[in-house]
Amino acid sequence: MTDLQSLWQRLQQKQQALNGVHMRDQYAADPTRFARYSLQAGELFLDYSKNRIDDETLALLCQLAEASGVAEKRDAMFAGEEINHTEGRAVLHTALRAAPDACVECEGNNVIPQVQAELQRLEHFVTAVRAGSIRGATGELITDVVNIGIGGSDLGPAMVSEALRPYRGNGPNLHFVSNVDPVQMSDTLAELKPQNTLFIIVSKTFATQETMANAALAQDWLLVAFGSRDQMLQHCVAVTSNAQAAGDHGFAQDRTFLFWDWVGGRYSLWSSVGLSIALSVGMGNFRKLLEGAREMDEHFRSAPFSHNMPVLLAVLGVWYRNVWGAGTHAVLPYSQRLSRLPAYLQQLDMESNGKCVKMDGSAVESATGPVIWGEPGTNGQHAFYQLLHQGTDMVPCDILFALEGDTAHVAEHRMLLANAIAQGEALMCGKTDEQLQAELAASSLESESLELLQAHRRFPGNKPSNALVFQSLSPKALGSLIALYEHKVFCQGVIWGINSFDQWGVELGKQLAKGVLEKLNEGAVVGEPASLQDWVLSAR
Ligand SMILES: O=P(O)(O)OC[C@H]1O[C@](O)(CO)[C@@H](O)[C@@H]1O
């Protein structure tokens, strides 16, 4: 039996032993549990004491990470090795936030000078737009910026710019258009004036159907307003790793911001893809975001696994996914500003680890990435928390909150905190039968109804959750938080033996849609419809 097999076996045994143990008893028996199962990394604090674990489990999980080669793969990633082997690419989003004097080699070249040069170009542009020295074609100020992109070219900038809304100062208003459903672009344009609007067309490939279609709609709108292609182009910039395609679409070099093929779409917000973020909150805040991520990178590279936040989150996720059979993982930000975090993490996690084939092409032997879902916490409480507390599935949760809010409404922020803390406690402790009986006994209900109600009002508890806490949702804390999840997903991919950096599973639908579109453009079907496609054709 290999080391790995024996570790999995011991973890299975541990699960059987812990299955009958209640976390509230573990807590009661060990007053040091919270202190021992929590840690600070930079601006982030993680409480992982409300998990179905003990010291031996944690030690086994860390050994699993070690035996799976997490440290070696991590070092290979940071060193620019070609770890995305199915696309023949290095994975170097960490170089985008590395120190300016760092040296990170990719195919023998240090990539840091080009990263820093592109950041400088971004800085000049951002500063000029915010200061009003770059203006629209008619000399008017740019008051609104529309980011046109999808997936990684949308979700990261959209999530971050919403999270950092209080840092906008006199920055322009931001709008995001991703969906090829034309209503999104129409509704957005209805609010805007061409002379004050800048469009950022963000696409790594500069070939994505949705983005190119939306860019064309925006450009038509500008052309109608200005009647001149040159003026139209003054209101557009491109962000891409395909400079050639941007050039073919008429974008001048000084209106094209670049990133590289070693930056995966879902890992790209740290690059020029973050232009909308930087325009909104200013370059100083964008650099703080990078700094926060760098701090987490350093922690990930240097902390022992037992005190390594991304590694701990990763192995806890693996523990529930593979040993306890949890199919989903909930992300519950107690922060309206983080309302887009679950959607962002869906792409980060599910596009990375939704795989059924190992690096060598053989089928995986265990389950891989869970379904990631969630909503801001208090809204979720009045919607789906019923299932978290009394449903039949175990749903591990991440509960996130800032100690300080960013409004003057301190009392309301305290309510938010109270809810976040109470839910973690309710999930863990549940309600004992004695507590419930005492509550019901104090009511005026008859004994028959009491018995029935007792069953329905039982809270079993013993439901796992992590709490991720930060002083305030600052650019630096947010940078660390995003990098934390990136590295968590990476570690899990290594443990499952999969390539977390390709996304072949999205291709088939795209290919088929092209064929269907051609048929829809051609027209009607003859005879009885034999498929949905035929039926739609004949129904139109
Ligand atoms: O930036 P692009 O090339 O337009 O791609 C957008 C998104 O599409 C995907 O390739 C999936 O279809 C994502 O990985 C990517 O973030």
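Please read every residue number as a count from 1 along the shown chain.
Every residue gets a Cβ built from N, Cα and C, even glycine.
Listed in TrEMBL:
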{"type": "ACT_SITE", "residues": "GLU351", "note": "active site, proton donor"}
{"type": "ACT_SITE", "residues": "HIS382", "note": "active site"}
{"type": "ACT_SITE", "residues": "LYS510", "note": "active site"}
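For the active-site residues HIS382, LYS510, counting C-beta atoms within 10 A of each C-beta gives the highest total at LYS510. Other Cβ atoms within 10 Å of the Cβ of GLU351 (active site, proton donor), summed over all protein chains shown, number 22. Straight-line distance linking the Cα atoms of HIS382 (active site) and GLU351 (active site, proton donor), rounded to a whole number, equals 29 Å. Note: the CA-CA distance between GLU351 (active site, proton donor) and LYS510 (active site) rounds to 15 Å.
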